[in-house]
Amino acid sequence: MVDVMDTDEEATGDAENRDEEVTAEEPIHDEVVDAVEIHEEEVKEDDDDCEGLVSDIVSIVEFLDQINGYRRTQQKECFNLVRRLKILIPFLDEIRGFESPSCKHFLNRLRKVFLAAKKLLETCSNGSKIYMALDGETMMTRFHSIYEKLNRVLVKAPFDELMISGDAKDEIDSLCKQLKKAKRRTDTQDIELAVDMMVVFSKTDPRNADSAIIERLAKKLELQTIDDLKTETIAIQSLIQDKGGLNIETKQHIIELLNKFKKLQGLEATDILYQPVINKAITKSTSLILPHEFLCPITLEIMLDPVIIATGQTYEKESIQKWFDAGHKTCPKTRQELDHLSLAPNFALKNLIMQWCEKNNFKIPEKEVSPDSQNEQKDEVSLLVEALSSSQLEEQRRSVKQMRLLARENPENRVLIANAGAIPLLVQLLSYPDSGIQENAVTTLLNLSIDEVNKKLISNEGAIPNIIEILENGNREARENSAAALFSLSMLDENKVTIGLSNGIPPLVDLLQHGTLRGKKDALTALFNLSLNSANKGRAIDAGIVQPLLNLLKDKNLGMIDEALSILLLLASHPEGRQAIGQLSFIETLVEFIRQGTPKNKECATSVLLELGSNNSSFILAALQFGVYEYLVEITTSGTNRAQRKANALIQLISKSEQI
């Protein structure tokens with residue numbers, strides 16, 4: 001059985017984080033908005049390199065994506081802020097390996113903005129609901145301060161030096177326009193809320209004690225249960241303690257309304273100004289401590305549906321699925337690469353959690369959803385799908401590009417877009433005589449294809465021949481994204497056959513030979529997956545794949561040695577493949593990688609030599625001439641687990657060959 005390479009983050013998962021890429025409390029301040037100000041002249045440079053800074057920023061976004069329970073008064077703005085921050089993920093992935101002083105300075109400043117956004121969003125998740133409703137204007141000022149600072153940092157980014165793709169630059173320009181246009185919004189619900197609060201605090205309005213208004217406010221602010229009111233009391237105490245500048249009138253209004261809500265629940269009104277302030281985290285844990293093993297390592301929340309991944313670690317199913325959907329193929333806790341992305345229910349742990357909760361009378365928290373946000377997204381998608389059939393060229397261009405961005409954003413959008421009937425229309429646009437529409441259509445399909453159901457829908461619509469046509473004749477970025485789309489679709493075995501029969505392999509080999517670095521990587525991953533099909537191995541060999549692969553082995557700077565060796569391993573299982581690669585110079589190259597390559601290089605090269613030698617002992621004899629034996633002995637004790645297995649098998653094969 002031929003071992004194949006572990007496809008990494010440059011594969012299908014990357015479609016979410018790339019358009020054309022291969023490839024987680026602060027006190028609330030009313031007067032002092034400077035808590036989120038980023039003073040450019042005072043930005044301290046961090047010692048991290050650019051790679052580390054990018055990882056930090058991406059980690060912040062991943063953390064923010066897990067935050068639940070935004071206060072209703074700021075919920076929509078919170079979702080908007082997170083969405084805008086996530087737009088930068090593909091750009092960050094694109095510059096991840098770039099190192100320069102100007103890039104480091106830019107990323108340091110960008111991280112400062114993301115940290116400020118994190119503080120604000122945590123406040124909107126944990127802060128006093130009454131205060132945020134009472135002083136919504138100040139909260140909006142803080143959001144707009146973030147927008148202004150983010151725009152300022154992006155405008156001064158060293159784009160020319162970073163050499164990012166034109167499409168990534170267009171997305172950043174579009175984001176900057178959004179940030180500039182962001183207006184302070186007052187929803188109808190907010191107006192009603194403001195009027196109710198004005199009535200409640202009025203000294204002259206006879207309705208100020210009207211229980212119906214109080215009940216309505218309690219419902220809007222979600223302060224209707226005893227637990228809600230206890231949590232709000234702690235939040236207000238912390239606010240008053242931390243915020244020394246909170247004026248007396250504001251304090252009185254907050255406490256007055258809190259006491260009105262308490263009376264509705266039959267609780268005694270108290271003056272919390274004179275009660276000791278208890279830290280919220282301590283309050284939650286003094287009476288009951290959650291067992292560490294019950295908490296998801298990603299969210300640090302109790303697990304409702306624990307599942308086991310390939311490394312044996314357990315996570316909340318929803319959280320780890322989001323991690324995978326974002327294109328990651330590593331364990332979040334151990335950072336190990338995963339052999340597979342299968343999830344196995346941890347029934348034993350789930351039963352333990354349920355028993356513990358029942359025994360301790362622990363109420364499992366419900367996660368909040370945003371139905372308003374979901375409905376808005378559905379409406380937006382419906383309008384975009386309708387616009388795909390417009391007779392106006394510019395409207396078609398705008399809609400397909402916007403859909404492309406939505407499809408990349410999250411798994412939910414991919415399902416929404418497919419359910420709205422977009423896939424047949426997008427497939428039709430692949431043949432549209434406009435290079436921009438073609439490029440955006442094929443990239444949208446690439447992003448949609450991350451979803452397994454969508455893979456089938458796309459191929460059932462007959463998209464593959466049209467994608468191959470763009471691969472042959474489209475512009476540079478369209479060709480690269482077509483290759484990535486073919487890789488994604490080829491995850492289904494029937495599509496491997498269809499792509500091979502549709503003559504999709506020769507243009508992939510051409511892109512591997514003549515494409516840009518990203519184009520080569522897209523082609524390489526697609527060809528690897530297609531070569532898992534026996535008939536496609538022969539097609540790839542006939543298309544001349546061997547020489548481009550050998551060329552990749554000569555240039556370490558391209559960073560594709562392991563991938564090239566992995567495809568050569570597949571080809572070595574084919575008679576024509578062995579004939580094409582079995583040159584003396586290639587055997588010498590393999591031995592050189594076994595001698596002084598990276599651990600993964602050694603693993604892959606040893607695997608290729610074992611496959612060749614298992615079919616023809618002359619390859620073993622040739623390798624011995626280049627001194628391979630002592631290098632294999634070293635690998636048996638110091639190599640990766642797989643490399644050790646392969647080296648031991650190869651040593652046994654050498655012993656048999658010598659006996660013969």
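Each residue, glycine too, has its Cβ placed from N, Cα and C.
If you look up Swiss-Prot, you'll see 1-24 marked as compositional bias 'Acidic residues'.
Residues or ranges marked as domain 'U-box' in Swiss-Prot: 289-363. Across the domain 'U-box' (289-363), the model assigns an average pLDDT of 81.
Marked as region 'Disordered' by Swiss-Prot: 1-29.
Outside the repeat 'ARM 1' (411-450) by six or more residues, the chain places 12-13, 15-16, 19-20, 321-322, 325, 374, 377-378, 381-382, 384-385, 388-389, 393, 396-397, 400-401, 403-404, 457-458, 461-463, 466-467, 469-470, 474-475, 477-478, 481-482, 484-485, 488-489 with a CB less than 8 A from a CB of the stretch. Swiss-Prot lists 411-450 with the feature repeat 'ARM 1'.
According to Swiss-Prot, the feature repeat 'ARM 2' maps to 452-491. Long-range contacts of the repeat 'ARM 2' (452-491) within its own chain (CB-CB distance under 8 A, at least 6 residues past either end) are made by residues 11-12, 14-15, 18-20, 22, 165-167, 414-415, 418, 423-424, 427, 430-431, 435, 438-439, 442-443, 445-446, 498-499, 502-504, 507-508, 511, 515-516, 518-519, 522-523, 525-526, 529-530.
The annotation repeat 'ARM 3' is assigned in Swiss-Prot to 493-532.
Break the repeat 'ARM 4' (534-573) down by DSSP state and the numbers are 32 helix, 0 strand, 8 coil. Summarising the annotation, Swiss-Prot assigns repeat 'ARM 4' to 534-573.
Positions annotated as repeat 'ARM 5' by Swiss-Prot: 575-614.
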